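The structure under discussion appears below in the form of structure tokens.
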């Protein structure tokens, strides 16, 4: 196969019966190089990419060059995917992302390494912690995650507990991990053990990856943590010292690239995990305990919308949403929970039609309070429901789930205002806000 | 035929030179070394899956117990990229263009499309666990009196973090140096003598300097040497900072390989590998040393350590064989044990009794290990797990002696010898840096054309045109401060002559050093300040040596500006006043001197204003005053 090649280079290589992985020779301007043909992602279709003896890749333009096939590639046996679905103490469910993957040094390709054997080879310490079994559910990029996949993950988690596992680890891309965490948290009731979502911010193909430490501490949590909750477990600081288990409905990715990107918002994490010492430090006592009456109810109605208000946003967008058949809207309002008063009419219209309209804040930290200013009161009179300190994305997922179970506006409102799994925190202490260094 | 031709010496150079770019190779931090405190990081690195291959779990755990890496995060010169907390920014074009320019200067071929690679390095010197590197050019040559030397590759890569401290279980680095662009120029193995290696290194160093785009000072240029002789193997010697050491290091390495080959022949005449393996024996001798006098042995035993004895068949007299000045075959084994098992070293039969180990103890060891005619023995002391690890290391190194010269990477010592650092990596541990798209060198050609260094002859001509005499021009041409000279001339040449600047850089600094001045204090900024003051007419050029001396003496406390103030030029008005005063004070003498009065007066005035006024101007003013 001539991966990535087009046009001139493709024609030349094809006519010589050369494939990616074959050894070729290029002679140009008196310089001769030999190397393995690599896939090309060049914009220039005359470029041929070769891995030289010394391991470097280099691109050569074929104009004025002579190419010769030296030898065909030796086929490398690709180890097959094998799943070990036999019962262990901890089940690892893979959904994608780069938390566990391996590099083929020969071609430089990165491919997922998700079988039990591969996971154990990647992080052998896990054997000292628990017997694990692995399931490869799918391999999709985090940004391509959809509610139908949430359902599959929820079912798979339930199955793992039904088989008698003590805890479940879900390997997931980090970008939308918190949406999945919220979806699982609302769908799974009476969890017999922790469901630990874990990912990596530095891909596992590099020696400095955070994935091994995150994965090891996730297995520790899944086996030993006293809670039956969905948590997100990632680095607690930039150093490789400990990870933090955040409640799945109170966590957000707050940095594009740092290892400690995930932070609890309006809440404290449930536990710290020290992978070197293989120890858990539980940070609070009000967690949901392990239970043995697991029920899964993963039903989601996707006819919802997350509306971020900004100065100049026109109310007719809401008319469009109503016309499109939306069943619920979460507003990410300003400050304590506001939009411009221009929206009063459209929100009144929406709620009259049985559409749920809920208010969260784009401040993220703190809760909405729609009694302080006149606008907030008017919005409430138009039917907008204040949602306390629920994070906007969590409110959206919760609304999908609520609408998946109820149609009646009052019933939906009732669900949205009930604290189900710790998503709605009514007490904020002074220390629930990060302080940046100013000097 | 020279001695080295007979040995079949072949040497290749790898020259690494830091570039003086405005920012680092993969981020926007300045290329500065800095000590400002911006916090600390603690990290671990682990080999990636495919690299582990068949390594068993036990070995992995051994490795896993390994080193903790601590990083100091300097505030001014590092950001999230150095902390491995942010993907690399697009590659620095200035650095790439310089790589292309050097390729063109060698008459080599720029790579059409440049790919950044990750070279796996897990000693902690790169926070990512790999060094980013890209080949930008292939081929070309440099001329040497003994024949052309081929250039294999020109690469642009990032410098590693700076090691600050190393402890039992940790290594501490500063992130300031990490990411500074380096150019790496590799020659073919065409060099045939130690002196030629130095010449070629000098030549390439000069070409780099002539671009005006490289850093200077200690640690900004490093040479690696690839040395082999016939029958030996290519051994890599890393980190040679002093050019003058190159010939000595090569001589020593050639000798080491030659001695190892001779040692192999002697060994083979005594026994073969199989016989060695059969008679090789390891025994716990802790009880034998229970009441030993050696402090080292005692303290290790008290801490629960053990003593292992090795019977080493056939090695009698060979372990003590000198391979390089002051370094024996036993030293080589010791280095392996230090590097691979983390122990202090070994004792062996060719050096004992010594180091507190007595004759009686040696006799007991000989008996206990049943040492016969050509057998030697080795003793290792330390914690049980490390000593056990050392035993396989020792056995392997002894077996390699039957094959000759092991393939290894060595580190240069300051005395011109070298020591074992690590085995050479097998297949290249390289894979693509997926965070950076390939770069077409076409887009760099225009920039590169302007950076091609002139030939030394051309450069000399242009220096002569600036008004330097030939001697000084040659000095400047070979000076590491060439770029500073050009910078100062460009900026101040209008009113300060090229000779004044060059003399300051080449002669005055040497003079100040010879008088005991500390040149570290005389930074580029200090030099520029002085030239700027001459330019502004505030100080006299003749006062520069005195100012620098006062500023750089070990006990000097005055600031530069206060010293400069002391030497600031006297205005004409003040000068006239002084002249008039002196005339008034010495009226009678002047009258008496008659025609000779001028000379007398000149002497008196200069005595008072030396260093603050130019003689020529003083003479003019005296004449003016006398006429009046």
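Every residue, even glycine, has its Cβ placed from backbone N, Cα and C.
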Per TrEMBL record, range annotated region 'Disordered' [choices B:345-366, B:367-388, B:389-410, B:411-432]: B:411-432
Intrachain neighbours beyond the region 'Disordered' (B:411-432), with Cβ under 8 angstroms and 6 or more residues off its ends: 51, 115-120, 225, 236-240, 242, 245, 248-249, 251-253, 324-327, 331-332, 335-336, 339
PLDDT averaged over the residues of the domain 'Asn/Gln amidotransferase' (B:483-626): 87
Within the region 'Disordered' (B:411-432), residues counted as helix, strand or coil by DSSP: 0 helix, 11 strand, 11 coil
The domain 'Asn/Gln amidotransferase' (B:483-626), counted residue by residue under DSSP: helix, strand, coil: 110 helix, 2 strand, 32 coil
